[in-house]
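Novice: Starting off with a structure, shown below.
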Amino acid sequence: MKILVAVKRVVDYNVKVRVKSDKSGVETANIKFSMNPFDEIAVEEAVRLKEAGTATEIVAVSVGPQAATETLRTALAMGADRGILVQTEAEIQPLAVAKILKCLAEKEQPGLVLLGKQAIDDDSNQTGQMLAALLGRPQGTFASKLAVADGSVAVTREVDGGLETVALELPAVVTADLRLNEPRYASLPNIMKAKKKPIETVTPEALGVDVAPRLITLSVEEPAKRQAGIKVADVATLVEKLKSEAKVI
Amino acid sequence: MSVLVLAEHEAGALKPATLNTVAAAVRLGGDVHLLVAGAGVAAVAQVAAQVVGVAKVLVAESEALAHPLAEPLAALIVALAPAYGHILAPATTTGKNVLPRVAALLDVAQVSEIVAVVAPDTFIRPIYAGNALATVRSIDAIKVITVRATGFEPAVASGGAASIEAIAVPGLPGLSRFVEAQLSKSERPELTSARIVISGGRGMQSGDNFHLLESIADKLGAAVGASRAAVDAGFVPNDFQVGQTGKIVAPDLYIAVGISGAIQHLAGMKDSKVIVAINKDEEAPIFQVADYGLVADLFKALPELRQGLS
């Protein structure tokens with residue numbers, strides 16, 4: 001079984017983002033970018049499935065600028081076999097990414113497509129679900145456990161009330177939640193090896209996908225800052241303040 | 001055009017986030033129709049008809065909808081979609097699972113987790129874990145939207161008199177099958193709708209120590225939550241998690257115990273009305289958002305707090 005895994009280049013999770021003064025977006029010049037953390041979990045799961053003999057080949061895909069090649073190299077260093085960069089400088093929204101991935105899935109015919117459940121920049125949480133819809137295939141979102149067995153995959157999902165397990169016919173689309181696994185760090189030899197793995201570059205135009213945004217961002221602003229309050233000396237003062245000042249208990 | 005809202009329900013009752021979503025729907029103009037889909041949902045349809053602001057309740061009764069699986073539920077909503085200008089669902093794990101599938105099948109974008117309606121085509125939504133707020137306009141004919149419950153005061157649950165209409169359920173895809181659910185059982189209020197939440201972090205040191213929080217929760221009628229660190233450490237199950245990727249809460253009172261205050265946790269609770277932080281590290285970032293901070297050993301402070309509330 002082949003696995004297609006989608007990875008996004010995002011502002012590193014440790015960076016404290018700043019809103020641009022013209023309110024057009026957030027500052028992205030001269031800051032660190034990394035693979036979206038949920039996508040790292042998706043790559044790790046793919047690699048584990050290959051190590052377990054369930055998967056035969058892992059193809060990593062990224063949609064974004066030339067620099068997203070670095071994100072693909074990270075996936076290759078973790079254990080993916082080859083990469084596809086769908087290169088574009090344009091703003092690409094989830095529906096467009098899903099359409100691009102659909103094209104690639106039809107070409108590559110994977111048994112399983114793995115993605116992170118959401119990207120930590122736009123926090124959309126849409127692409128996996130949209131891809132499953134466009135392919136007419138089942139989806140297992142927010143996965144904390146996967147079990148592949150003859151033609152189907154059992155996905156344990158993190159839901160509001162606890163955990164839920166669904167059985168999906170393969171091919172299927174699965175999105176990774178935090179506790180699916182702990183991604184490995186790529187070793188130096190594997191980073192070196194990754195440099196020799198192939199990365200194919202295509203464009204959305206060549207795939208015939210219309211990527212025009214459907215949502216127009218009018219402004220991006222900083223949320224109202226919460227002011228730090230006071231320190232109280234002891235528990236008795238705390239209880240007193242909550243009763244008489246805040247009036248919440 | 002009318003607005004379709006997907007109701008989320010369980011055991012004959014509407015989930016609270018449905019009411020917040022109706023409140024958002026009312027701001028869009030047009031009749032609000034509430035879709036109640038499931039197996040054996042006659043009772044919950046009656047409950048739904050009483051929600052103020054709802055004009056009509058659509059009842060889709062089918063064994064194929066007994067569990068809110070994305071594949072059949074999305075197919076049902078897509079069949080109804082042509083009559084609507086907006087389709088909304090609460091940004092719960094169910095809404096977040098189903099609605100992007102609906103949007104893609106309709107070839108429209110989804111606007112995720114809106115916290116305000118600026119105009120019927122323009123919405124505010126948090127990005128970068130709530131560190132920025134984007135105002136976005138949808139240019140699609142049908143707007144597909146998930147609603148963050150904390151952004152909208154809930155619609156009034158009773159006093160309305162909506163009509164109830166059974167709808168024909170089309171053939172639904174059988175690509176997926178519900179296997180089992182392991183749901184946490186609790187007598188306490190639900191985390192996302194509780195008036196008071198008390199959460200523990202890594203500082204709790206073990207799952208057993210959460211009883212210290214539970215005894216206070218029971219005195220206050222509060223829900224118990226946790227930081228990602230506490231969930232990752234296995235102290236409590238995933239459904240306790242408050243944060244960017246867990247639950248978003250905005251209670252009247254949020255008590256953070258032994259939680260340092262990582263950005264991703266703050267994203268889930270910083271809209272609470274009053275925040276209390278108890279932490280022995282006075283440099284912990286949680287104190288920067290707390291209205292009342294107590295620098296103390298939680299193992300000493302929690303028993304005192306329980307006593308103080310007696």
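Yeah, the Cβs are placed from backbone N, Cα and C, and that goes for glycine too.
Because TrEMBL annotations are produced automatically, they should be read as predictions rather than curated entries.
Just lifted these from TrEMBL, have a look:
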| type | residues | note |
| --- | --- | --- |
| DOMAIN | B:3-182 | domain 'Electron transfer flavoprotein alpha/beta-subunit N-terminal' |
| BINDING | B:R202, B:227-228, B:241-245, B:258-265, B:N279 | FAD binding site |
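Would you situate these features in the structure and describe their surroundings?
Specialist: In sequence order, B:G225, B:A226, B:S227, B:R228, B:V231, B:K247, B:G268 constitute the residues six or more apart from B:Q241 (FAD binding site) in its chain with CB-CB distances below 8 Å.
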Novice: Which is it, of B:R202, B:H265: the one of these binding-site residues whose Cβ has the most other Cβ atoms within 10 Å?
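Specialist: Most Cβ neighbours within 10 Å: B:H265.
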Novice: Say we define neighbours as other CB atoms within 10 Å of the CB. Which of the binding-site residues B:I259, B:A262 has the fewest?
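Specialist: Minimum Cβ neighbour count within 10 Å, taken over the binding-site residues B:I259, B:A262, occurs at B:A262.
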